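**Student:** The structure's right below; bear with me while I get my questions together.
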Amino acid sequence: GTYNSFDGRGKVLAHAYYPTNGDTHFDDDEKWLRRSFGSDGTDLEVVAAHEFGHALGLGHSHNPDSLMAPYYKTYESEWELHNDDISGIQSLYGVPNVKPDTSTASSTATTTKGTTTMSLSTTTLRTSRGVNCSVTFDAVTLGLDGFGYGFNGLDVYKMGASGLEPGYPKKIQDVFPQSPNSPDLAFKIQRLNHIYIFKGNRMWRYTDNKLDFNFPKQIKNVPIGRHMNFAIVLKNNWSSEQIYIFGDSVFWEFNKYTEDFVPRYELQISTYWKGISE
């Protein structure tokens, strides 16, 4: 497409989308080979395995010897999965009942061409001194300032790496004007500088913590009779976000352009998101 076309031979070799899409595309301009030891071609099997890892839900690894490292590597011999790759996929889908015949030793590799970078944007909040461990949040999100925000009843907590920020908790309306109490969920779209807060069939949109014009507004295609628990924002290499909102047993996609739920898009969590309990 216009926003994700390839760039000719070299540089971007392929790209893949995370679940539930999972589409994987390869650049036709590359010189694809199988077992391209020492050649100027690109090993299709290695690149495909890397991209299929993304399609299965794996992000990039910080281990340079991992198949899921951010850059394509030329192997000096037959490539094998690194322990980091195996641990990652098993954390998503579980450990097999039958022990595999192949070993897990890593191969020597050198970094050459870059591949597509994709990241999973999720919310992680740490509990430390200053935050009552019995507090349960109605909604959580990362703010545009990099801090975590947890909503509890009338209050909002602002948390950083060292715990609760001074002066918090505060009343929600003091931080997010006109925001509802006890919201259902919240999420940010960093590229658009927006934070969304949902409650029932209404949503509030904030830019720099200021309520935007014509908000709150009603959500037209809000799932009827369903409870919304949290949102996950997936961001690909072209800064295009895909937003998934999770209920108790099903999830939906939210279109950031129409600011509405995608019609007839309701799928089972257990089928597409292994490891997320209902």
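The backbone N, Cα and C atoms fix where each Cβ goes, and this holds for glycine too.
In case it's useful when we look at the structure, here is the feature table from TrEMBL:
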DOMAIN    2-95  domain 'Peptidase metallopeptidase'
BINDING   D7, G8, D27, E30  Ca(2+) 3 binding site
BINDING   H15, H25  Zn(2+) 1 binding site
BINDING   D23  Ca(2+) 2 binding site
BINDING   D28, E30  Ca(2+) 1 binding site
BINDING   H50, H54, H60, M68  Zn(2+) 2 binding site
ACT_SITE  E51  active site
BINDING   D138, D184  Ca(2+) 4 binding site
REPEAT    180-226  repeat 'Hemopexin'
BINDING   A186, A231  Ca(2+) 5 binding site
**Student:** Would you mind ranking the binding-site residues M68, A186, A231 by how many other Cβ atoms sit within 10 Å of each Cβ and giving me the lowest?
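**Tutor:** Selected from the binding-site residues M68, A186, A231 on minimum Cβ neighbours within 10 Å: M68.
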**Student:** Pull the DSSP breakdown for the repeat 'Hemopexin' (180-226) and write it out as helix, strand, coil residue counts.
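**Tutor:** When I sort the residues of the repeat 'Hemopexin' (180-226) into the three classes, I find 3 helix, 21 strand, 23 coil.
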**Student:** On the 0 to 100 scale, where does the mean pLDDT of the domain 'Peptidase metallopeptidase' (2-95) fall?
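**Tutor:** Across the domain 'Peptidase metallopeptidase' (2-95), the average pLDDT comes out at 76.
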**Student:** Which recorded positions are spatial neighbours of D138 (Ca(2+) 4 binding site) here, meaning Cα within 10 Å, out of H25, D27, D28, E51, M68?
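**Tutor:** Within 10 Å of D138 (Ca(2+) 4 binding site): none of them.
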**Student:** Going by DSSP, give the three-state secondary structure for H25 (Zn(2+) 1 binding site).
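**Tutor:** For H25 (Zn(2+) 1 binding site) - judged by DSSP and reduced to three states - the answer is strand.
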**Student:** Going along the chain, which residues six or more apart from D184 (Ca(2+) 4 binding site) have their CB under 8 A from its CB?
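**Tutor:** Expected: D138, A139, F198, K199, G200, H227, M228, N229.
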**Student:** Let me know how many other Cβ atoms fall within 10 Å of the Cβ of D138 (Ca(2+) 4 binding site).
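**Tutor:** Result for D138 (Ca(2+) 4 binding site): 20 other Cβ atoms within 10 Å.
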**Student:** Which binding-site residues (D23, D28, H50) fall within 10 Å of G8 (Ca(2+) 3 binding site) by Cα distance?
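**Tutor:** Checking each Cα against G8 (Ca(2+) 3 binding site), the hits are D28.
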**Student:** Mind giving me a neighbour count for G8 (Ca(2+) 3 binding site)? Other Cβ atoms within 10 Å of its Cβ, every protein chain shown.
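**Tutor:** Its Cβ shell of radius 10 Å holds 11 other Cβ atoms.
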**Student:** I need the most crowded of these binding-site residues: H15, H25. Count other C-beta atoms within 10 angstroms of each C-beta and give me the top one.
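**Tutor:** Most Cβ neighbours within 10 Å: H15.
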**Student:** These are the recorded positions: D27, E30, E51. Which one scores highest on other Cβ atoms within 10 Å?
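**Tutor:** Result for the most crowded candidate: E51.
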**Student:** Closest to H50 (Zn(2+) 2 binding site): which of the binding-site residues H15, D23, E30, A186, A231, going by Cα position?
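**Tutor:** Smallest Cα separation from H50 (Zn(2+) 2 binding site) among H15, D23, E30, A186, A231: H15.
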